[in-house]
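Participant: The structure follows.
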């Protein structure tokens, strides 16, 4: 937990440093550059992100999601050094999002998508655990609540009471564009509650819930819920 918090904060610091530096210095590619030029930079940014997280529990998840989206499209490796002043994170193109796993992907599609980046099934299940932080808007999961199939109006893999509560929060038509649900019951704590709730049919993401239906990923997800 402490290691994750430290890594997440480091990612946030690197991102904010990109915003703070001038365009003329954007060519810098040194992880320790600011140790000399602005030794208080990381402390200032650390406190800023921490304070923002205390006031809004969605902040850590947004940072984590932003970093995953950036790296899934552009870094190509399961691990890398985060450098300050780098240019590769300054590109944002809507068309690039087609390379991200879609929320409607089934288990096979998810496994294939991650395999293209050199990531295995264990990596996939582990990264799906990032959904234990944050919030999901109705548009991301409403397909599981309305006209799911020709036989079922609601996704039958969902807990009935849980699905009913979601349906009340996300009516059709939904005029509240900010409506949605936290991804697990401890949205500001990095734990394995996401895995436990998903096995109970209380997961939000239909795509990552599909991992329970594939023998290659189910056992990993079940083990993750028990630790």
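Note: Cβ is positioned from N, Cα and C throughout, glycine not excepted.
In TrEMBL, annotation is done automatically, which means it is predicted and not curated.
From TrEMBL, for reference:
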type	residues	note
BINDING	186, 191	Ca(2+) binding site
DISULFID	138-170	disulfide bond
DOMAIN	61-227	domain 'Plant heme peroxidase family profile'
SIGNAL	1-26	signal peptide
Participant: Please give me the CB contact count at 10 A for residue 186 (Ca(2+) binding site), counting all chains in the structure.
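Facilitator: Residue 186 (Ca(2+) binding site): 16 neighbouring Cβ atoms within 10 Å.
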Participant: Given the recorded positions 138, 170, 191, which one has the fewest other C-beta atoms within 10 angstroms of its C-beta?
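Facilitator: Output over recorded positions 138, 170, 191: least Cβ neighbours within 10 Å is 191.
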Participant: Over the domain 'Plant heme peroxidase family profile' (61-227), what is the model's mean pLDDT?
Facilitator: 81
Participant: In Å, rounded, how far does the Cα of residue 186 (Ca(2+) binding site) sit from the Cα of residue 170 (disulfide bond)?
Facilitator: 21
Participant: Residue 138 (disulfide bond) to residue 191 (Ca(2+) binding site): how many Å between their Cα atoms?
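Facilitator: A Cα-Cα distance of 23 Å.
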Participant: Using C-alpha atoms only, work out the spacing between residue 170 (disulfide bond) and residue 191 (Ca(2+) binding site) and round it to an integer in Å.
Facilitator: 27
